[in-house]
Structure formats: C-alpha cells, structure tokens
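Pulled from TrEMBL:
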type	residues	note
BINDING	GLY13, ALA14, GLY15, LYS16, GLY17, THR18, ARG126, ILE135, TYR136, GLN194	ATP binding site
BINDING	THR34, ARG39, GLU64, LEU65, VAL66, GLY89, TYR90, PRO91, ARG92, GLN96, ARG155, ARG166	AMP binding site
Amino acid sequence: MAQPRILILGAPGAGKGTQSAKISEAFDVEHVTTGDALRANKDMDISEMDTEYDTPREYMDQGELVPDEVVNAIVDEALTQADGFVLDGYPRNLEQAEELEDMTDLDVVLSLDVSEEELVHRLTGRRMDPETGDIYHLEYNPPEDPEVEARLEQRDDDTEETVRERLRVYRENTEPVIEHYDDEGVLERVDGEQAPNEVWADVKATIEDAV
Ligand code: ADP
Ligand code: ADP
C-alpha cells in the first residue's frame, strides 16, 4: 500500500509537533510543517507578492497568519516531493483548506482537543533544542541530559502576549477548518489533554484503523 497521507489539526500548543514526530517515525512518512518551514525562512523577501510586510517575520512575531500565497507555495512544493506525509500547521483558514483539496487527497484527518488554559501553559513553557529540533517543556517534559538543557531555546512567539493573539487567530480562522472536516464526516477527534504516551496510543490506533 502507498504511504498514508495524514493531516493533524489542533490549536497552537495542542501537541501537533510532538505527535507528528512519532507519526513520522512509526509510519515512515515525511513531517511537513509550515511553522518550521517558515521559521527557517523568516527573512525571505516576499515583497513582490503584494503583502502588507516584506518578510514572514513581522507576521510571525505578532502571532498573525503569514499570507496564504506564501504558505500555499511551501506546502504545494513539499507535498509534491513526499510519498506519504503528516501535515502539521496547515490549513489554518478555509481558503487554505480549499487549496489543499486541489493539491492532494487525505487518508486521515485528526484533531487534538485541548482546553485553552492548558494551551497557554504548554506554549509558555515550551522549549526547543536548536540542534535536533526536539520539543521539550520546562515542567512536563524536561530533557534529562544537562547539555541539552543548557542549549534549549524559547521560540520568539511563545511569550504570553503573542500566545493570546495566536489563540485568538486560531479561534477566528482555524476552528472553522476543523468544523469543515467535521461536517464532511472525516474528522477523528483525539483527547489531546492526556499524557503524551496516551495521546500517542490513541493517535496510532486512529491511523491504523483508517489506513
Ligand atoms: P503544537 O505543535 O501543536 O504547537 P507541541 O507539540 O509543540 O504543540 O507541544 C506544545 C508544548 O506542550 C511542548 O512544550 C510539548 O513538550 C508539550 N506537550 C505536548 N504534548 C503534551 C501532552 N500530551 N501533555 C503535556 N505536554 C505536552
Ligand atoms: P503553533 O503550532 O505553535 O501555532 P506553528 O509553528 O505552526 O505554531 O506556527 C508559527 C507561526 O507561523 C504562526 O503563528 C504563523 O505566523 C505562521 N504559520 C504557520 N503555519 C501557517 C499557515 N498555514 N498559514 C499562515 N501562517 C502560518
């Protein structure tokens, strides 16, 4: 069988990156994430695209969405090259969902459900290992290796103020995307508020059932 094409949805901090890393390894699919792709290209010149700002950085640091034109191109290119994928961070509005429909079919659409209070706590405590890209949390998932601990970094947009704005943008733009897949009857909801291993057990079982 061809490799599965998996979409993982959920609010900022719901655990998409954490679960996508596991999915990518267990199902041997590529992790396509617009957040990482944009962070690697924060100062890319997008001034020719008739956008409000000249680089993705201004949008990201304020917690706003980067214009669709920029993000659609990144995803289109990545999916064309992938044989099976877990897509994380896209689509974030209904226009992007429509674009995605033209790009590919999906085998599984998952959403991780987590309460807003918990999301704020997860995001403000999130730390990244710049060398491996691994995701940690100061309280929930601290690294064991002191060398890793010493080099952890906080994302520029994981401050309380920007987190609140990102959650507002999520409610306004991205919740309708989840409703859209729910209305189509293809959405599989997973309780994302459980411990990481319990979330993983549910995610894995859901994918295995669907493919
Ligand atoms: P997203 O990609 O959806 O923004 P992440 O996977 O980066 O979310 O997780 C956000 C933060 O929450 C990270 O610090 C991560 O270590 C932590 N985290 C992820 N899943 C869980 C979980 N099930 N329980 C507690 N903390 C979690
Ligand atoms: P999180 O999962 O914690 O919300 P991401 O790493 O997915 O964060 O995204 C970080 C930022 O990158 C977003 O706040 C937004 O500015 C930009 N971004 C990521 N994906 C998209 C997208 N599909 N459309 C527009 N902007 C995006």
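Cβ atoms here come from the backbone N, Cα and C positions, even for glycine.
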**Asked** What is the number of other Cβ atoms found within 10 Å of the Cβ of GLY15 (ATP binding site)?
**Response** 23
**Item:** Local backbone state of ARG126 (ATP binding site), from DSSP in three classes
**Value:** strand
**Asked** Here are some binding-site residues: TYR90, TYR136. Which one has the most Cβ atoms within 10 Å of its Cβ?
**Response** TYR90
**Message:** Validating a neighbour-count step here. Other CB atoms within 10 A of the CB of GLY17 (ATP binding site): how many?
**Reply:** 20
**Asked** Which residue, of the binding-site residues ARG92, ARG155, has its CB surrounded by the fewest other CB atoms within 10 A?
**Response** ARG155
**Request:** Please check each of the binding-site residues GLY17, THR34, GLU64, VAL66, ARG92 and report the ones with a CB atom less than 6 Å from an atom of ligand 1, ordered along the sequence.
**Result:** GLY17
**Complete:** Simplified to three states, DSSP reports GLY17 (ATP binding site) as helix
